[in-house]
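A quick write-up on the structure given underneath.
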Amino acid sequence: MHKFTVPIGPQHPALKEPESFNVLLSGERIMKFSARLGYNHRGIEKACEERTYIQNVYLTERVCGICSHAHSSCFVQAVEEIAGLEIPRRANYIRTLVGELERIHSHLLWLGVAGHEVGFDTLLMYAWRDREIVMDILAKLTGNRVNYGINTIGGVRRDINTDQIKDVSKAVKKLKERTEYYVRVAKEEVTLIKRLSGVGVLLPKDVLKLGAVGPTARASGIERDTRKDDPYGAYGELDFRVITDDHNDVYGRTLVRLGELLESYKMISQILENIPEGPITVKAPRKIPAGEAVSRYEAPRGENVHYVKSNGTDKPERVKIRAPTLANIQTVAKMLEDRNLADLPIVIAAIDPCFSCTDRLTLVKDVGHGKGRKMRWEDLHSHSIQWYKARGIDFSDLNKKMEKLLK
Amino acid sequence: MIRPAKMIRQVLSSLFKKPATNLYPFNKFEMPDKFRGKIVFDPELCVGCKLCMKDCPAGAINIKKVGEKKFEAEFDLGKCVYCAQCTETCFKKALKFTGEFELASLDREKLKITFNAKPDDTASK
């Protein structure tokens, strides 16, 4: 059968963020899948070096819109380790509480997106309606629906009072009821089971080989969870299970995420019951002593890694961020091997990708001399036109028509 | 047990319920009392330490000296990320956040707001 390559992205209606995928097809079957990062690089790591630590808390929070608390906590943990700050227990509990609320909103969001990708839009509508409950709670606790800004170096910025505790436990009760309903839907609804079972299979040995993290790894039976392996925050004092599943496919990933929601509710009620009294912050110096630290955090999508190197000034020397999608994107090629093209949207969505968080700088080297080359915007523009022309795609007629129309 | 159309009962019952969404521009949404909205500046309290300028992650604040112990603040709402770090940095509490969030504008210049120092005092000095 004739083989052909279909480019998907960087601008494509099926993708929510710009990313380029090249799919080699033989009929409907995917022979090869390759992803190319670098379309939404924002230079956050470099920008961190030019800002003070306190500004960087807010900058790293904006790495991701959905797991914003995960990134800022991860950064703050690294800085606190270098500065040798012991943060109050109450602050640790509040951080963990917001982290778990964030996991709930992220997993409910994913459930809706997954429903949408398989054409089950009813699930999208209901899951997102219920997500509003947790968004409202986050707004009440922290002062914003996204980018909560609760972390600061040496603790948290806002305390919680008894009224808020009551609000949270009421909301969690409601959410628990709803999630139990979705678990029943996932286990009984035949269209969902048939559509997701056997799609995007990733065997445990491939998880270990490719280094997948988060629900993607746990759905293949690998018990990999930073909250359990290397407890931070208040997780060491909480009683919870690491949810795993042995379906190894997208259906397993759905069950893992739903199970994690129920575990999160359990953790939140433990936090609300046992939250210790005391201060919420310790005084942090503006200048952080020289040193380096690696910090790990279990974001909703998997393990987040931040590396911070300080040099004794009020600005870090180097900040390195590894978002979970970078670890998981490699697995997509494996999952899609010899599968139908129609499975591509849900398989990509099943790792819960966040491309902007994971994007790297791609340095294009000349094949001739193997050196990097600087290009101005105009050169890049004409280079891209020539590149497409060489491949038989010419936009110049279209451009002229467009200009006429605009006149 | 596997059964099709598991959610149908829920979907049909929603027909007889009020919409879950809010009819926004007509039906105003009230934000929680500690919502971090637009920042306001009180020139009376400012001592001009400029720590807020130093800590602002977005570089949205500009404090200018306009006279002896008189300061005015220029805010760029287009740059502000509404983290309210400045309100915590300010030890004189000259900066406060309000619950105002409907700040969108098509004109960039309208997003720049200046909080002037009291004019009569400046004139006398």
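The backbone N, Cα and C atoms fix where each Cβ goes, and this holds for glycine too.
Features of the protein shown, as given by TrEMBL:
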BINDING   A:GLU45, A:ILE321  Mg(2+) binding site
BINDING   A:CYS64, A:CYS67, A:CYS354  Ni(2+) binding site
BINDING   A:CYS67, A:CYS357  Fe cation binding site
DOMAIN    A:118-286  domain 'NADH-quinone oxidoreductase subunit D'
DOMAIN    A:287-360  domain 'NADH-quinone oxidoreductase subunit D'
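Structure with TrEMBL features highlighted.
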residue	record	Cβ contacts under 8 Å, 6 or more apart
A:GLU45	Mg(2+) binding site	A:ARG318, A:VAL319, A:LYS320, A:ILE321
A:CYS64	Ni(2+) binding site	A:ALA70, A:HIS71, A:ALA299, A:ALA323, A:CYS354, A:SER356, A:CYS357
A:CYS67	Ni(2+) binding site	A:GLU102, A:SER106, A:ALA299, A:PRO300, A:ARG301, A:ASN304, A:CYS354, A:CYS357
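Residue counts for the domain 'NADH-quinone oxidoreductase subunit D' (A:287-360) under DSSP, split into helix (H, G, I), strand (E, B) and coil, are 27 helix, 26 strand, 21 coil. Other residues of the same chain near the Ni(2+) site, with their Cβ within 8 Å of the Cβ centroid of A:CYS64, A:CYS67, A:CYS354, are A:VAL63, A:GLY65, A:ILE66, A:SER68, A:ALA70, A:HIS71, A:SER106, A:ALA299, A:PRO300, A:ARG301, A:ALA323, A:PRO324, A:THR325, A:CYS357. Most Cβ neighbours within 10 Å among the binding-site residues A:ILE321, A:CYS354, A:CYS357: this distinction goes to A:CYS357. On the 0 to 100 pLDDT scale, the model's mean across the domain 'NADH-quinone oxidoreductase subunit D' (A:287-360) is 91.
A:CYS67 (Ni(2+) binding site) carries neither a helix nor a strand DSSP state and counts as coil.
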